[in-house]
Amino acid sequence: MPATSMEELVSLCKRRGFIFQGSEIYGGLQGFYDYGPLGVELKNNIKAAWWRSNVYERDDMEGLDASIIMHRMVLRHSGHEATFSDPMIDNKKNNKRYRLDHLLKDQKADVQAKVAEIMGESADNFAALVAALNAKPAQASAAFKEAGVRDPFSGEVGEWTDPKPFNMMFRTTIGPVADEESYGYLRPETAQGIFTNFKNVVDSTSRRLPFGIAQIGKAFRNEITPRNFIFRVRELEQMEIEFFVTPGTDEEWHEHWLEKRLKWWEDQGVPREKIEILDVPKEDLAHYSKRTYDLMYDYPTLGHEEIEGIANRSDYDLGSHTKSQSELGLVAKVEENNDSIAKLTIPHPETNKPVVPFVIEPSAGVDRAMLAVLSEAFTKETLENGNERIVLKLKPHLAPIKVAVIPLARNREEITDVAKAIKAELQGLGLGRVLYEDSGNIGKAYRRHDEVGTPYCVTVDFDTVGLGENTDESLKDTVTVRDRDTLAQERVKISELAGWIQAKLR
């Protein structure tokens, strides 16, 4: 049985050291989370699986790690300075602020229908309704009042202001003088660093079309209403690819990446049947998008929410950042750029003439991936003896701890010395973290490692060192290996243990 509430998952994450509230000892900071000892391991394993699949296992990909703070001109010409905003609305009764679409989505169906009726829109076309509310702010606030839109915090009908745009980028000052010439932004997405480094990568690697640039890194969005644990946060981490293709081949590559990404999620334990593919309606597309597929995972505690977007960005991005735009025959409509000093073109693979490539962008959030993987792995089981156990049935390559080595008696050197030697040998295999667990209570150790998803527990006992009562000589120099999922226990020779573990975890 999966987690039945977000609270259940949050409780496990804190109790077992996966995720903590940011700045918790000062009351916490909304939309910011810290990853604990096991959380950072799981997060790193997810990122490693993504990097291995998309960089190491392909011949057409390069990596990049661009800076977090960006020149304001980058985000001006990318369109973010003008368009990276959401309509917000305030309740004057309690000074609470909400994102317009989130507030409306939280209302009962009859309230939504009433708002739509007043605005002359259909409640079935939510995006068009939100667009109408944003376009007519005075009418929107009146519609909210007449329809009785309630404040999610107080539960009472609010006194709503006119909605107004709120730019979600974090602005910062660069250098010692704070003026209008010295500001920049924390990047709202990792993509722009890839586009501005396009020429550097091409020149240094001699890449030809098609090829991609992959990046994992932090991005920052000043969300109006961060919520649902790590699903919607203000500091996030992204795994993004910008895959550059010859114009005219973009639709074929779009389908290629859709299938590739669905397979990757399946390999991480997120079943394909739990992911709906949303072909984003034209009116909902981002300003740069020709077409976008959103992968909507059915979170057990949230319902269907976006886990990844796969966008056909056409030639918008490189076209926006390049000089000499008028000479390049761009398909996308871009603002004139007199600030860039680079011509972001590449030889066409057939004609050898300079061309601005189209871009296919698979973009996934590490935090949302964490939440999906944890949600899918979280299992409550009733054992044969009637006891209940919680177990994280993580894929072994994602498990924060691969193996726990447990001495049955922590005060007996004969046993602890063998356990420590086994731990050192297994750690040397390079499979991930191996933990020496000397809590002293084997039952509690098993339960703890079930909850954190450790695939195998290796127990060194008295039989291992020939000190057990009526010890069977065949048990000497063997250990008990317990399987997390089946609870089966098997005696394995110490001399064969490393190979046994390698075969199971690889």
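For all residues, glycine too, the Cβ spot is worked out from N, Cα and C.
Database features (Swiss-Prot):
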BINDING   Arg99, Glu189, Leu236, Glu237, Gln238, Met239, Glu240, Glu361, Pro362, Ser363, Ala364, Gly365  substrate binding site
BINDING   221-223, 231-236, 306-307, 365-368  ATP binding site
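The structure, with features from Swiss-Prot marked on it.
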{"residue": "Arg221", "record": "ATP binding site", "Cβ contacts under 8 Å, 6 or more apart": "Met168, Met169, Phe170, Pro188, Arg234, Leu236"}
{"residue": "Glu223", "record": "ATP binding site", "Cβ contacts under 8 Å, 6 or more apart": "Gly31, Arg99, Met168, Arg232, Val233, Arg234"}
{"residue": "Gln238", "record": "substrate binding site", "Cβ contacts under 8 Å, 6 or more apart": "Glu189, Thr190, Gln215, Ile216, Gly217, Lys218, Ala219, Ser363, Ala364, Gly365, Val366"}
{"residue": "Ile307", "record": "ATP binding site", "Cβ contacts under 8 Å, 6 or more apart": "Trp265, Val270, Ile275, Leu295, Met296, Tyr297, Ala364, Gly365, Arg368, Ala369, Ala372"}
{"residue": "Pro362", "record": "substrate binding site", "Cβ contacts under 8 Å, 6 or more apart": "Glu240, Ile241, Phe243, Trp257, Lys260, Arg261, Glu308, Gly309, Ile310"}
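Once the Cα atoms of Arg99, Glu189, Leu236, Glu237, Gln238, Met239, Glu240, Glu361, Pro362, Ser363, Ala364, Gly365, the listed binders of substrate, are compared pairwise, the greatest separation found is 26 Å. Counting other Cβ atoms within 10 Å of each Cβ, the lowest count among the binding-site residues Ala364, Val366 belongs to Val366. There are 19 other CB atoms within 10 A of the CB of Arg234 (ATP binding site), with all protein chains counted. Classification of Arg234 (ATP binding site) by DSSP places it in coil, neither helical nor stranded.
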